[in-house]
Amino acid sequence: MAIGPSLLALRRKRPGQGSRGPLGVLVFVAMAIFLGPLLFDLFMVIPWPTRKRMGQAVFLALLGVGFRRLLSVRPGDAWPAPRDEDPVTGRSDRGCVWLPWALQVAVASLALPLLSHPENLGFGDWDYFLEKFESIRRVILDAHQFPWWSPWCRGGFPLASDPQCGVISIATPLVLLLGTSTGLHLAAVINLMIAVEGARRLAWTWFREPWAATAAALIYGVNGGVLVYTVAGYFIPMSYCALPWLINAAFRVGDRLRDGIGLGFWAAFSVLSGIQYPTIYGLIIAGLVWIRALRVQPKPLRGRLLWHTIAAIGVGLALSGWRLATTALVLADFPRKWQTSFDASVGDVLDWMLYRPGPAVLEAATSTYFWETACYVGPVVLLLVLISLVQGWRWWHTITLLCLWLAIGSIRWTHASYWLAQGPVFSTMHVVTRWRVPAMLGLGLSVASVIAHWRTKGNALHRALAAGLVLIIAADLIGYGHQILAVASSVEPTEEHFPGPPTPTLVNVENGLGYAAMLRGYGVVRGYQPLLGYDRNRPTARLWKGHPDYRGEAWTDDAPLSTEFWSPNRIVFRTKPGQRIQLNQNPGSWWWINGTLAFPNEKCAEWTKPFEAQADSQGRLELEIVPKGLSLGWGLHAAGIALVLSAAIACRPRPGQTLLTA
C-alpha cells in the first residue's frame, strides 16, 4: 500500500468529536489541581471588604434563583389535594378515627414526668419563665392590674411587652388557676399537643393517610430536640407549636375565607404566646408558601386569595395589635448583634440526630450547648428519609436541607447563616442551631411520604411494615420523653436557693434564682433579662440588700417618706412639698410622674441611670407605668377589625355566583 493512501486512511479512522469528552475532563481536572491553589491565593489577596461584597452578591444571586423557582410551575410540581377528598382506602378511613386520639393521649402522657415535682424549682431557663409567670400571677391576683411592669426583675422591666413573655396565652389561665409551676409545665405539654396536631394536619393535607400523618406529627412534635428543649425551658414549646399550623393555613389560604382567618389567628397566636426563633421561622416559611399559593392559583381566583390574605392580616392585627406595637418599641430600645460560636459539620449534624442524652447527662450539663444541638430522631427516621429520596426531590427535602445548612453555624463563609446574619432581624438571632426546629418538620414530611406510599400502593406486607415503623418511632420518642422530662423540675427547693425569709414588701438582692426570690417577695438586681444584656456584672445604678449605700427601695436625704400606695404599675408617696425622692427602680420612657411623661427620650428601662423624682406642692408623688406605643396598638386593633369586615363583605357570594368562586 502506498504511504499516502495509508495516512489518509488513518485520518479517516481518528476518533469522533464525542470521544474527546473524557480527555477534556482530564485536562480540566489537571489544570484545576495545578492552578487551583494559585487562584485561591490570588483571590485571598483581594481586600476582605471587597470579598465580603462579592460573597453577598453570590448569596443574593442564590436567593434569586430560589425565588425564581418558587414562582415557576413545572409539569411535575404538586399541590395539596382538595380539602373534601376522601381517604385513599377503607383502612385509612378507620385509622382516621382512632390514630389522632391515640397520638394525643401518648403526648399528653408526657405530663406525668413533667409534673412529677411541682414543688421544685426550675432547671435551666425554666427559672426565667417561672419568674415571669409568677410576676404575672402576682400582678393580676394581688394588685388586680394588667401586668405591664415587673419591679422584681433587674430593677424593673416591661412584662407583658417582653417578647418572650406571653401574657395572653395558654399558660396564663393555667398559672392563675393551678399555680405557677403546675400551670406552666402543663401549658408546655399542651403546646406539644398543639404542635403534634398541627404537623399531623399538615401531613394529612399532602398525603391523606393517617399513619403517614402520625409519623410526621411525632417527628416534628416530640423529636429529641424538642424534648431536650422542654427540659431546658419554656421558650421552644411556646413558640414552635404554631409553625405547622401557619404553614398549613398558608397552603389553604386560597380555598375559603375561614382559611385566611385561620392564618391570621395562628400568626397572632405566635406573637401573643411568646416571640422566639421558631416564631420568625414560621412566619418566613408561611410567607414563602403564600407566594407559591398565589402563583399556582388560577388567575381568575387570585383576587379571592388576596381578599383572604387581607382577612388574615386583619385578624392578626385585631388580636395582637397592642402586643405588636409595644413589643416592637421595646425591641427597638435594645438593638443587639451577637456572634455565634457554632461551627458544625455534616458528621456533627448526624450525631445530633442519633445521640440521646440521658437525664444524668442533662442534669450535669454546665452550658447550654447540649440543648442547642440535640435533635434525636433515631436511625429508623434517617433510613426512611433516605428512602424518600428515591421517590424524587420534593419541597420538604428542600426545607430539611436548607434549614440544616443554616443550623450548622455562622462563622465561616460556607455557612448560609453567616451571610443571612448580614441583614436585619437575623443579625440578632445568634443561636443559628435553632434552624433545626423547622428542619425536623421537613424530616417528618419526608418520612410521611414513604409511609403514605407503602400504605396506599404497597401490598399487605408493606402496609404492616409502615404501621410497625410508625409504632417504633412513637415508642422511641415518647419513651425518651418519659425518661428525661422530670429533669425540668429537678432543682430541689432547699433553703440555699432562697435569698431570705418571706418579705411583705419588695426588697432587692444582688444575685439568685429569679423564681425562688419571687416566691419570697424579693427582686434580683442582677437577674436574667436578655434584652438588658447577658453581662449581669456590669455597673448598675440599682442597689440591693447588703450594699453599703442601700437605704431601701425609695428614700429621701432629709425628709420623712411614707408609701401611700404601692403596686407594680402605680406607686404613691407622701413627703414634704418639693422633696426629691430616690427610687431603686429603672427609670425609662414608660414612667409618668404626677401625670407627666418623665423620661421621654430614654429607653423603657435604664439599668445604669439613677431614678430621681420630685414631689408636687402638696408633697405627693405619683408614679405610673404607661406603655409606650399603646395608642398605636389600639389603632392597629381598629385597622384589623376594618380589614376583616372589608374582606368579609368582598367575599360574600353574589347572586348567580357559586361559593367556589365567591
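Here the Cβ of each residue, glycine as well, is placed from N, Cα and C on the backbone.
What TrEMBL records for this protein:
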| type | residues | note |
| --- | --- | --- |
| TRANSMEM | 21-48 | transmembrane segment |
| TRANSMEM | 167-190 | transmembrane segment |
| TRANSMEM | 211-236 | transmembrane segment |
| TRANSMEM | 265-293 | transmembrane segment |
| TRANSMEM | 305-325 | transmembrane segment |
| TRANSMEM | 369-390 | transmembrane segment |
| TRANSMEM | 395-415 | transmembrane segment |
| TRANSMEM | 435-452 | transmembrane segment |
| TRANSMEM | 464-482 | transmembrane segment |
Considering the transmembrane segment (435-452), which listed stretch of 211-236, 265-293, 369-390 counts the most C-beta pairs under 8 Å: 211-236
Two-stretch contact, the transmembrane segment (369-390) and the transmembrane segment (305-325), at least three Cβ pairs under 8 Å: no
Top partner of the transmembrane segment (211-236) among 167-190, 305-325, 464-482 - counted as Cβ pairs under 8 Å: 464-482
Cβ contacts under 8 Å made by the transmembrane segment (395-415) with residues that lie 6+ beyond its boundaries: 55, 281, 285, 339-346, 348-349, 385, 388-389, 421, 430, 432-439, 441-443, 445-446, 449
